Amino acid sequence: MKACVFLLAASTALAAPLESVGMALRSDLGSFPLAELEEYYKTAYSIKPSNVDSLHPTISKRQYSGDTFNQLTDGTPCRKVTLIYARGTTQDGNVGDAASEGPTFFNALAARIGASNLAVQGVDYAANIFGFLAGGDAAGSTTMANLVSRAASQCPNTKIVLSGYSQGGQLVHNAAAKLTTALINRISADL
C-alpha cells in the first residue's frame, strides 16, 4: 500500500505542468566560437600514425583491475590513505568490475598519491534494488561503519576516505550517521 501511494504521488508530481522559463542570451559573450573549438580538438587529440608510438609511454598497467579489494581486512600493512568504498546497485564484487567507477577512481587516486600509499577496502553488501529503494542497505551501512572503526583502530595514522557510487553513496551517508564524533573526526574525505 505504501509503495502504491508513493508511486501515485510521484507520478502526479511528474505530470504537473511547469512554468516555462525563458533563457536570455548573454550579449557580453558575443558568439561562441564552436567551429574553432571543434577544429582545435580534432587537431590536438587526433591519433595519427606519426604520434601513435608517443602514446605508449603513457599507457600503464592498472593497479586496481579486479572487482574485490580487502586491503584493510586481508593483512595488507597500513598505508597513508585507507579508502573504504561501497559499489553501486547490482555491481560485481565489493567495488564493481574493473571498468566501473570504483576501480577507475582507485587508479586515478593511486596515480596521484602513489599506489603504495593507498589501501582500498570494499564493502560487502547485497547491492540490490530493494536496498536502494530503502535508502541504502541497512546491513551494508553497518558494515561500512564497522570498517571505519576498524581502520581507525588498526591503522591510527591512516587518513580515512569514504566513497561510494549510487547505492554506495547512500551507504556512506548512513554509515556516517552511525559513527561517533571521534570516528567522524578521523575521516579525511567523503567522496
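Cβ atoms here come from the backbone N, Cα and C positions, even for glycine.
In TrEMBL, annotation is done automatically, which means it is predicted and not curated.
Quick look at what TrEMBL lists:
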- 1-15: signal peptide (SIGNAL)
- CYS78-CYS155: disulfide bond (DISULFID)
Could you say which of the disulfide-bonded residues CYS78, CYS155 has its Cβ with the most other Cβ atoms inside 10 Å?
CYS155
DSSP three-state assignment for CYS155 (disulfide bond):
coil
